[in-house]
């Protein structure tokens with residue numbers, strides 16, 4: 001009589017935040033490329049290391065997400081609320097694209113529906 005061992009492997013996606021952070025990091029460090037006269041992709045700036053198979057590359061630059069662009073569907077960032085103390089994507093420094101921002105305070109009164 002023989003015994004049979006069973007091995008099950010599970011593939012699971014990483015945490016959504018980790019995947020997003022990794023993609024953003026690759027996007028931020030993507031290499032600008034152009035086609036040479038022979039139709040081969042070459043780096044725009046040869047001072048940087050050549051991209052590997054794990055790096056992102058691009059030919060056309062990303063649109064300016066700070067300004068409204070109807071052809072790309074970007075609404076821009078003008079008029080959006082930002083968080084003055086945040087260093088993240090919702091922070092005023094990043095979201096306002098260096099244009100400055102207006103500050104205001106609001107007082108909001110809410111009924112708490114407390115029971116004693």
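Cβ atoms here come from the backbone N, Cα and C positions, even for glycine.
Around residue 82 (disulfide bond), taking its Cβ as the centre, 15 other Cβ atoms fall within 10 Å, counting all chains. The annotation disulfide bond is assigned in Swiss-Prot to 82-97.
Taking all protein chains in view, 13 other C-beta atoms sit within 10 angstroms of the C-beta of residue 69 (N-linked glycosylation site). Annotation source Swiss-Prot lists N-linked glycosylation site at 69 (among others), citing sequence analysis.
Here the Cβ of residue 83 (N-linked glycosylation site) has 12 other Cβ atoms within 10 Å, regardless of which shown protein chain they belong to. In the three-state DSSP scheme, residue 83 (N-linked glycosylation site) falls into the strand class. Taken from Swiss-Prot, the feature N-linked glycosylation site applies to 83 (among others).
Among the features that Swiss-Prot reports, O-palmitoleoyl serine is placed at 1.
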Between residue 83 (N-linked glycosylation site) and residue 69 (N-linked glycosylation site), the C-alpha gap once rounded to whole angstrom: 24
